[in-house]
């Protein structure tokens, strides 16, 4: 039978509940346990697919096509377990399910209410499909006290009573701020947060306390006394240099031991931390460094590129170098010469995005990389802009553009109206809904055996995750290839271009999919490892 760990947050948002959940899962895995992590998001959107990246950050896509919270990316990277549609739920999805049931008459005329119908739907989500796991970690989004989170907190309170005794543990993540004028850390915000949680009916078993400096023993005793938890269960969560230091830091503080003790597991299996120690060693002892320019649209909020950032660092791990990121807003190149920004970097990456803003700047970045022989990695939108650049400057199609930007006589990039998903034909219309209507999830691609990208993968058959509505127009394939842009990867039916590259360029690859979503610290994605390797070579030339 699975044991359940419920992780809540208090005082302020963005404390790192997702990282805490992922780190704890990694520690339990290191002891040989099978672990699943689930995220419960209180917002009313059905999923984050249509939320602005500036508000929500990255949309993480799973193999089965779910558009989910970016925390699921942390879960995958820390545990290696692929997430799926059933690992993320939102208030919007819960209400949609309930309304559909009510319309069908499933409630037999009952008045549909938050309690029991909404809370029951949440509990069903938490409990479903956990037969193969020893531990299920549930992160509750938001902060204790938020009105949106109340049904979720009530649901996990009920589960604490309904689950067999000793199979549910509550962890509360809080902040202990340092007040410079007083010269001390303050416990009062944590005390009030726990008081709020207890008023709902949840008594935390463990306090995970974020702080920017060591918490004195006297303050831990104070928290233990006023929050009614064991002193050993007041765990300090100090700031660390990288997120990959968190599992080791939490293990040293005894978080995993305290969780197992709360479940009555004694003696517990000893953890094997060698993998995490190796990653930490490589991160803190690089043998060199490279600089990658990320020419994007949402550079003001790095969370919009969370998986991309981590995948680049994984590429650095594979090559034992530090990867420095130079963030450049693509619009800058529409009014300024790209050369001063790009001459000293060792690689250029143009990530995914939507809309016309910044597109011309990304096209100019691709042009600079092609002409100056600088390693270029175009992902999704970045591949599309590279193809438009080639069409304009190599093929001579001056009006080459994307139908995403409006009507055009030369739609080198156009809206996909149909594609195969397994044996099913998926269809879309330009006037259709935005939510959940893209080409989403893992799809197969076939690579040319003699291509650079096939050599990098070591295979001609790959499966990668997609999230896009627009695709390079196959009608332009022959002219682009004649100009030197090789369509090295296609969908199995030969209709959708998946990868492009230049044979006469040291490293210029565009991919329609999102390889960053499948990169792990222990298994860096081969494209990112190869891209950073090419950047190292470029660093010797600059």
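Just so it is clear, glycine is given a Cβ too, placed from its N, Cα and C backbone atoms.
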Of 63, 64, 69, 71, which one shares the ATP site with 14, 15, 16, 17, 18, 19 in Swiss-Prot?
71
Check Swiss-Prot: it lists 13, 186, 187, 188, 189, 190, 191 as binding UTP. Then name which of 39, 222 it lists for that same site.
222
Since Swiss-Prot lists 54, 353, 381, 382, 383, 384, 404 for L-glutamine, which candidate among 3, 465, 469 does it give for that site as well?
469
Whole-number Å value of the largest CA-CA distance among 14, 15, 16, 17, 18, 19, 71, listed as ATP-binding
12
What is the interatomic distance between the Cα atoms of residue 382 (L-glutamine binding site) and residue 514 (active site), given in whole Å?
11
Candidates 17, 18, 191, 353, 516, namely the recorded positions, that fall within 10 Å of residue 139 (Mg(2+) binding site) by Cα distance
17, 18
With residue 71 (ATP binding site) as the reference Cα, tell me which of the recorded positions 380, 381, 516 is the closest one.
516
In terms of DSSP three-state secondary structure, what is the assignment for residue 16 (ATP binding site)?
coil
